[in-house]
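As recorded in Swiss-Prot:
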DOMAIN    1-380  domain 'FMN hydroxy acid dehydrogenase'
BINDING   Y24, Y129, R164, R278  substrate binding site
BINDING   S106, Q127, T155, K251, 306-330  FMN binding site
ACT_SITE  H275  active site, proton acceptor
Amino acid sequence: MIISAASDYRAAAEARLPPFLFHYIDGGAYAEHTLRRNVSDLADVALRQRVLRNMSDLRLSTELFGETLAMPVALAPVGLTGMYARRGEVQAARAAAARGIPFTLSTVSVCPIEEVAPAIERPMWFQLYVLKDRGFMRNALERAKAAGVTTLVFTVDMPTPGARYRDAHSGMSGPNASLRRMLQAVTHPRWAWDVGLLGKPHDLGNISAYRGSPTGLQDYIGWLGANFDPSIAWKDLEWIREFWTGPMVIKGILDPEDARDAVRFGADGIVVSNHGGRQLDGVLSSARALPAIADAVKGELKILADSGIRSGLDVVRMLALGADAVLLGRAFVYALAAAGQAGVENLLTLIEKEMRVAMTLTGTHSIADISADALSRVTRERADAISP
């Protein structure tokens, strides 16, 4: 298969993975309207082409939370990444480090913090959920500190799990799920050998280290479902802000007022995100929500964005809409599933090349130059029309 874009990696991942895993990463909540709009709304963002601007001094590097990034991209936290490639979190972290960008480890990773952090030379980020078991949260934060994690990404848009209908059809959940997953694995021998057999243990490493016993895929939904905390409020995060002295990013912001609350709370950054369309179907896409949030808090904290980003062109679009950097989720998992660390490295190379083309043809010499001026007049008017 010829690989020239993230969509090619998606096709390769679908061919290689058992359906329950492919559809788990590919699907969204309910009828998946927001999932689709994340991509289509971003694709509708028209840029303003400029010519004869002497673009010989193009620069993609940027500073974020005291780190130098080769480009304004970080790999997003994705649960169960280690089920998509053998010790997948380690491979993805190495790919990110090789391309000079951060990797964010999920709370529900297969590989624990202590396995991933020593595998790379640059600092790692860590994502944490708001859970009822505060002992687990404190334990995870202590272990993250000990492992040299620099930035905490705090996910707040999961007080309860989203309803993902596709999971029931694919075998991730629903009737006879275990049997269906086993049959799917048997019919995908390359994955079964490389990940199913050689990729063991299939464990949620960060959770089992706290519980003192293995926590496999079957426990994933049950343990998390019992521990999501619908009573959480900003005041409940105060002890975390006191405990964690490094940069803290609040992930899951879609409303300007919530963004202002994050500023008042003392967050160092936010992620404008609808969880990749996996939580509440029918909410705004990140691309539609971003301009109003940027108008409200730009300059008071760092604004990151995710959901729907599939190319370097999409990265430039998000920056023009008001983001300082982006998180890349599904796209890197497709590449990881298809070709491991090399696949993720190649995807990041493609994204960098696409960014260079977009910046050259919009006359933006550096990341700091990418602003609303890079948007077409039609796009700017549309963004103004949906601002609260």
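Along the chain as shown, the residues are counted starting at 1.
Positions of Cβ are set from backbone N, Cα and C atoms, glycine also.
Locations of recorded Swiss-Prot features on the structure.
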residue	record	DSSP (3 states)
Y24	substrate binding site	helix
Y129	substrate binding site	strand
R164	substrate binding site	coil
H275	active site, proton acceptor	helix
R310	FMN binding site	coil
M318	FMN binding site	helix
R330	FMN binding site	helix
Inter-residue C-alpha distance, R330 (FMN binding site) and R278 (substrate binding site) (nearest angstrom): 12
Spatially closest candidate among Y24, Y129, R164, H275, R278, the listed recorded positions, to D314 (FMN binding site) (Cα to Cα): H275
Longest CA-CA distance among Y24, Y129, R164, R278, per record bound to substrate, angstrom: 19
Residue among recorded positions Y24, Y129, R164, H275, R278 with Cα closest to the Cα of D306 (FMN binding site): H275
Other CB atoms within 10 A, centred on D306 (FMN binding site): 26
Using Cα positions only, nearest of the recorded positions to G322 (FMN binding site) (Y24, Y129, R164, H275, R278): H275
Collapsed DSSP category at S106 (FMN binding site): coil
S106 (FMN binding site) versus recorded positions Y24, R164, H275, R278 - nearest by Cα: H275
Cα-Cα distance linking V326 (FMN binding site) and R278 (substrate binding site), given in Å to the nearest integer: 18
Neighbour tally for G322 (FMN binding site), based on other Cβ positions within 10 Å of its Cβ: 22
Nearest-integer angstrom distance between the alpha carbons (Cα) of M318 (FMN binding site) and Y24 (substrate binding site): 25
